[in-house]
Amino acid sequence: MATPIKVGLAGFGNVGSGTYSILKRNHSLITQRAGAPITVKRVAVRNVDRVRKLVDEDVAVSSDWHDLVTDPEINVVVEAIGGIEPARSLILAAIDAGKHVVTANKALLAEHGNEIFKAAEEKGVNVALEAAVAGSIPIVKALREGLAANRVSSIAGIINGTCNFILSTMRDTGRSFDDVLAEAQRLGYAEADPTFDIEGIDSAHKLVLLSSIAFGVPVNMDKVHIEGISRLEAKDIKFAEELGYRIKLLGITKYTDYGIELRVHPALVPMRRLLANVEGAMNAVVVKGDAAESSLYYGKGAGSEPTGSAVVADLIDIARTADANVSERPKMPTTQHNPGAKDFADFGDTVCSYYLRIPVDDRPGVLADLARIIADNNISIESLIQREAPQKEDSTEVILMTHSTIESLMQRAIRTMQQLKSVRGPIVVLRKEELQ
Ligand SMILES: NC(=O)c1ccc[n+]([C@@H]2O[C@H](COP(=O)([O-])OP(=O)(O)OC[C@H]3O[C@@H](n4cnc5c(N)ncnc54)[C@H](O)[C@@H]3O)[C@@H](O)[C@H]2O)c1
Ligand SMILES: N[C@@H](CCO)C(=O)O
Ligand code: NA
């Protein structure tokens with residue numbers, strides 16, 4: 001038997017309004033699929049007057065989120081406010097009142113997920129998070145249900161629409177970083193603080209949730225190596241293209257012999273890979289499992305209705321399973337604990353191949369010095385290309401691509417190269433991800 005759902009909706013911005021429109025437009029279809037009606041009973045927002053005009057008359061609108069928690073008829077709270085407080089207090093209060101929670105708030109879950117999931121488990125309610133990771137793409141469902149037979153070995157994804165939009169629009173149009181970022185903000189993709197997007201923090205939030213779901217480990221932001229796209233130079237995007245690669249901001253988690261890797265950084269992806277051809281604000285996630293092997297999930301990771309689509313899917317799941325025994329419901333990330341799970345890896349142990357751009361003096365012996373340092377660190381060179389640097393006749397740039405090696409060895413080699421007199425400026429370091 002399905003349970004009729006009365007929703008208390010916190011926030012009526014991009015995600016809250018998208019959720020509301022879908023529930024209204026597809027009401028009969030959703031009722032049929034859920035087995036019971038799902039209706040919004042109350043909305044809590046900052047700007048009550050604006051939202052009052054946007055919702056039906058029978059929906060109560062107030063500025064106090066406590067109203068959602070104290071209303072005994074509300075059985076699910078949708079948190080679409082964002083940020084840490086009061087979102088955390090609202091979610092914990094809703095759980096305490098025995099209400100299920102649906103949230104799009106990856107920042108909150110990545111920082112406070114262990115506390116929230118534990119509280120929900122103790123109370124026997126759900127905290128559903130499909131909208132928090134890769135928006136419309138049902139990646140949480142795919143990992144928990146569709147791929148439940150697998151030992152997942154790696155997940156690599158483009159999980160920030162804003163960065164992918166910036167990287168592909170800059171490449172295609174030559175427009176400036178700031179101009180394209182402003183457009184992403186106008187389109188509702190960017191976070192309230194866009195540094196979360198461009199510095200890789202939003203990708204890291206989603207990555208720790210994916211890793212937690214796939215490997216049954218607690219969420220732990222401290223273990224993620226994070227680099228964003230703000231320092232990426234146009235010339236590296238161009239050189240990468242010439243070498244047959246696209247630069248994408250990737251979130252990567254791997255289950256390895258040396259622990260669970262968690263890293264977010266710009267990466268060179270071979271152009272022949274599907275992931276290299278994911279453009280604009282689209283997201284895509286590649287999952288490798290021992291049985292299914294490689295599978296790819298692609299779709300809109302941001303935007304009002306695409307994100308609302310995931311919120312409503314979670315509401316439908318809750319309507320179908322609210323009456324079921326807790327053990328019959330999908331497990332929450334940290335409660336599907338894998339007792340044998342490895343610890344998190346040290347970033348220095350990561351195995352990668354590299355792209356280095358090294359500004360050097362244009363004179364004999366320089367390339368030999370670089371090659372010697374690389375060899376002394378047991379790293380093997382895949383290719384070494386010298387570039388013209390027309391503005392300074394006595395200088396040039398070397399693009400050095402390596403085979404797989406260990407991050408700490410690479411960092412040691414870079415430190416040594418950086419000390420050479422013939423190296424004229426900072427060495428640019430990017431990682432390659434072959435995704436085989
Ligand atoms: N925008 C997207 O495409 C997208 C996609 C996935 C996840 N998310 C996440 O969804 C959440 C919401 O994002 P958004 O883009 O809809 O934000 P938004 O700024 O468009 O909307 C926020 C809403 O919350 C309300 N609000 C803020 N503080 C409040 C408070 N104290 N009490 C009551 N209401 C309050 C505001 O009035 C507004 O209606 C964030 O966690 C974000 O990371 C957004
Ligand atoms: N700011 C996020 C929103 C979706 O989580 C993005 O650009 O992908
Ligand atoms: Na999703």
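The backbone N, Cα and C atoms fix where each Cβ goes, and this holds for glycine too.
The DSSP secondary structure for ASN14 (NADP(+) binding site) is helix. Taking the Cβ of ASN14 (NADP(+) binding site) as reference, residues of its chain lying under 8 Å away and at least six apart in sequence are, in sequence order, GLY188, GLY303, SER304, THR307. Per TrEMBL, NADP(+) binding site is recorded for ALA10, GLY11, PHE12, GLY13, ASN14, VAL15, GLY16, SER17.
For LYS106, the entry in TrEMBL reads NADPH binding site. Around the Cβ of LYS106 (NADPH binding site), the number of neighbouring Cβ atoms within 10 Å comes to 27.
According to TrEMBL, the feature L-homoserine binding site maps to GLU191. A sphere of 10 angstroms centred on the C-beta of GLU191 (L-homoserine binding site) encloses 21 other C-beta atoms.
Around the Cβ of LYS206 (active site, proton donor), the same chain contributes LYS106, ALA110, ALA132, VAL133, ALA134, GLY157, ILE159, ASN160, GLY251, each under 8 angstroms and 6 or more positions distant in sequence. If you look up TrEMBL, you'll see LYS206 marked as active site, proton donor.
On the 0 to 100 pLDDT scale, the domain 'ACT' (355-428) averages 93 in this prediction. According to TrEMBL, the feature domain 'ACT' maps to 355-428.
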Would you list the DSSP helix, strand and coil counts for the residues of the domain 'ACT' (355-428)?
23 helix, 27 strand, 24 coil
Roughly how many Å lie between the Cα atoms of PHE12 (NADP(+) binding site) and GLU191 (L-homoserine binding site), rounded to a whole value?
15
Shortest C-alpha distance to GLU191 (L-homoserine binding site) - which of the binding-site residues ALA10, GLY11, GLY13
GLY13
Please name the residue among the binding-site residues ALA10, VAL15 whose C-beta has the most neighbouring C-beta atoms within 10 angstroms.
VAL15
Please list, in sequence order, the residues in the chain of GLY11 (NADP(+) binding site) that are at least six apart in sequence and whose C-beta is under 8 Å away from its C-beta.
ALA44, VAL45, GLU79, ALA80, ILE81, GLY82
Cβ atoms near PHE12 (NADP(+) binding site) (within 10 Å, other residues, all chains)
25
